[in-house]
Amino acid sequence: MVGLPARGKTYISKKLTRYLNWIGVPTKVFNVGQYRREAVKTYKNFEFFKPDNEEAMRIRKACASAALSDVAAYFAKEYGQVAVFDATNTTRERRAIINTFAKERGYKVFFVESICDDPDIIAENIKQVKFGSPDYIDRDIEEAMQDFVQRIECYKASYMPIDDEIDRKLSYIKIFDVGSRYLVNQVQDHIQSRIVYYLMNIHVTPRSIYLSRHGESELNLLGRIGGDSGLSPRGHKYAGALASFIRGQKIKDLKVWTSHMKRTIQTAETLGVQYEQWKALNEIDAGVCEELTYEEIQENFPEEFAMRDQDKYRYRYPKGESYEDLVHRLEPVIMELERQENVLVICHQAVMRCLLAYFLDKAGDELPYLRCPLHTVLKLTPVAYGCKVESFFLNIEAVNTHREKPKNVNVNRNPEEALLTVPDHI
Amino acid sequence: MPRELTQNRIQKTWVPTKDDKRRATGAPHFANPPTVIVMVGLPARGKTYMSKKLTRYLNWIGIPTKVFNVGEYRREAVNYSSYDFFKPDNESAFKIRQQCALAALRDVKNYLKDEGGQVAVFDATNTTRERRELILKFGKENDFKIFFIESVCDDPNVIASNIMEVKVSCPDYRDCNKTDAMMDFQKRIECYKTSYQPLDPDRHDRELSFIKVIDVGRRFLVNRIQDHIQTKIVYYLMNIHVQPRTIYLCRHGESTDNLEGRLGGDSGLSLRGRQFSAALARFVEEQQLKDLKVWASQLRRCIQTAEHLGVPYEQWKALNEIDAGMCEEMTYDEMKEKFPEEFALRDEDKYYYRYPAGESYQDLVQRVEPVIMELERQENVLVVCHQAVMRCLLAYFLDKSAEEMPYLKCPLHTVLKLTPVAYGCKVESISLNVEAVNTHRDRPEEVKRGPGTLIRRNSVTPLTSPESHIKKPRIDNLEEASIQELPNSVASLALCSSQHIPLTLTGPYWLGKVCLT
């Protein structure tokens, strides 16, 4: 990352890392500020960052080196594929060190520079994330703001933005004014192209994303998975409750998305507003197990059932899909969600788990077990570096469709052990 | 009361009963106001190349798009003599050029308002602020979004190469030899240079939405993207390149299911299929390609085929054959017997038809789009896939419409070699001389062709980029020039079959004339 303090570098680092991990590219952030906080236990004031503070300079250089070592270890020993080096990196000298480091080891380097001179945006950034930082935890807000502004000044004198002529051989993207303009230079490969595409689609306008499943369906009642059934009477009631809830939220310009399956469309119909159908939001395809109960799966495909419990994320139903396939299928939905503002997505259990895992940064081992009960709306609001989640159960009873991982996942287990965690149904 | 839903019999989508006739889309199309893409740049900067390629892509993903090339309007109006026509002080020529631009804009308006178009690509130099102001005003009056694509390039080698590739053979230089043509064209470029005002992101043009493509994609400046379609356009432009390369498309070797006439499934290769794979390995070696990437689907028959090549290959689930849902592993006869209605519906509208609990060609296009994007990024690639998938990919490269796509001929044991050339794609069909069953089903004669497949706006329906064949614009009185649309099949055949390829292969291959429909 490159840029003065409070230009959104850490915000971008964390968001990008979350996205890359979700699509299956092992990525990690290395924030040099954290290394500095480890080395210098207490932060006094901006004087630490003065260019003539030699001792501090030495510490800061050491921190950067330590972070780079960890990057090397991440690639060599932890199967990392992308490392995000999150620091100001505002001098040509520092960037040359990084390029040398990478060249020696055969790593590719891609710079993301954030440039912004709008004082309102900067003040807002400082409020959002700096006051809560460990550096300012016991300070008065006015004092903290003053100090931080001085901190930025320390960097300004020596700031050398990436230069279009001198740095013409480097691969980079410059982001101006929170995305109003981009300059992209020498994209080398697929992953850099995806990174650029992602960065060009995200925005920071406040908004909320509502995730919900369809209302309870006829097959839900019977404990059967998949299929394309309609809503049960309680499901219809939920649709009505959802409509009231949405009206109560008084959302500006809400977009509503559903899958191609009857139950989500029926749910959306009750809202009485326009909605768009995405085939990509269809429930996971259970292949040969479509419309079976868990008991029937255990009876007919006990081995498959066990293997699913062993690795629910990667397990692919015969002639069907896996969660991993789902993530891949949902990527355009996520990309469009990033572009949009207020959206209500009416989808299915596995699909909702995948989307939620993206927003809440949940890895493959947790993703298939996230709780997404029927008749509950999750409201996601971006805040600071993450996402606030509020859960609204709309008070219409429904069956439970959540199956926890049983203790015994061995293929030789007894049927009872396999069926231990199956929720009740008719 | 929530509306009653019915399931559309062809697409299997659930729609409110009253709306039964509406063609559904696979993914939302974020109904945007129509967009005019305005090319900007000196001659020989790749504007027409980008216009045509972008249009082909947008049509393939279902966004009705058309190019309006002002040069073509000019050629209708006057006979070209020399670069003097373009001299800045040539007043009468200037007037003609102005009229041509206006005529083209009128046609843009018709296309976007009355003909169901969603994107119009206004392909001209548009190098002055004055001209761009005119277009912005036009956009504002008509509620069209305006997006500029400027191509900036000062590398003399690239420019000379462009001129050789597409200019010396263009109608303007029909009666000239190459050197004369080159010299005249260079002088033509000079005429534009003095008045060229590039887009200025810092001051004058800071509020405009545009992308500057610098030095054939080494660098991009992107300003104020407004919406989804502009993001997709930018992403596409950032992924394409002009390095010479070749794409090979072929199906897996004949499978045991193929022998029985069964659809789908996941069977292995037959004996002849294995022979084909070996032949394919020999073929690939003989092509002596630099850095060939090999891609296969995740189905066994493709992987077995790829394995024979003895080189690393990548598996893409997105390349899997179309999912025939409840009809998987049936023969066509069994399908006709068990699901007679479905069978008939499929023949009625093969592009939109979705197998029950399966997929349609329309779904396939969406599924396969990331493959196309990555193919654009890559250089030499061999894609080992399946009949329906290969038809989708081929339709993209050869600009075939949704009507034609499901009937493109992609026989077993035949490699299609695609080479980008000028504004299009050269196709060579190479049969590797290993016998196989024929899996192609022609469009049945007895199916009543209805009053033309209604291509609706906002549907994922690949359209062939319309040839901008226009009648002479009446430049003396301001009458609308009407655009004669050639029937799609004729226009696109012209694009591919006009190339007659000399036999470059020796040995056991039969190089056939390409006849894909």
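Quick reminder: no glycine exception, Cβ is built from N, Cα and C everywhere.
Residues annotated as domain '6-phosphofructo-2-kinase' in TrEMBL: A:1-206. Taken from TrEMBL, the feature substrate binding site covers A:R213, A:H214, A:G215, A:E216, A:S217, A:E218, A:L219, A:N220, A:R263. Marked as active site, tele-phosphohistidine intermediate by TrEMBL: A:H214. Look at TrEMBL and you will find A:E283 tagged as active site, proton donor/acceptor.
Shown here: features listed in TrEMBL, placed on the structure.
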residue	record	DSSP class
A:R213	substrate binding site	strand
A:L219	substrate binding site	helix
A:R263	substrate binding site	helix
A:E283	active site, proton donor/acceptor	coil
Output field, substrate shell: CB within 8 Å of site CB centroid, site A:R213, A:H214, A:G215, A:E216, A:S217, A:E218, A:L219, A:N220, A:R263 dropped: A:S229, A:G230, A:L231, A:S232, A:G235, A:L374
Least Cβ-crowded entry, counting other Cβ within 10 Å, from the recorded positions listed as A:R213, A:G215, A:S217, A:E283: A:E283
Surrounding CB atoms that lie within 10 Å of the CB of A:H214 (active site, tele-phosphohistidine intermediate), all protein chains: 30
Distance, A:E283 (active site, proton donor/acceptor) to A:H214 (active site, tele-phosphohistidine intermediate) (CA atoms, angstrom): 11
Cα distance (Å, whole number) from A:E283 (active site, proton donor/acceptor) to A:S217 (substrate binding site): 13
Residues A:R213, A:H214, A:G215, A:E216, A:S217, A:E218, A:L219, A:N220, A:R263 binding substrate per the record - widest CA separation, whole Å: 14
Cβ neighbours of A:R263 (substrate binding site) where a neighbour is any other Cβ within 10 Å: 29
Alpha-carbon distance [A:L219 (substrate binding site); A:E283 (active site, proton donor/acceptor)] in Å: 13
Mean of pLDDT values spanning the domain '6-phosphofructo-2-kinase' (A:1-206): 94
Neighbour count (Cβ, 10 Å) for A:L219 (substrate binding site): 20
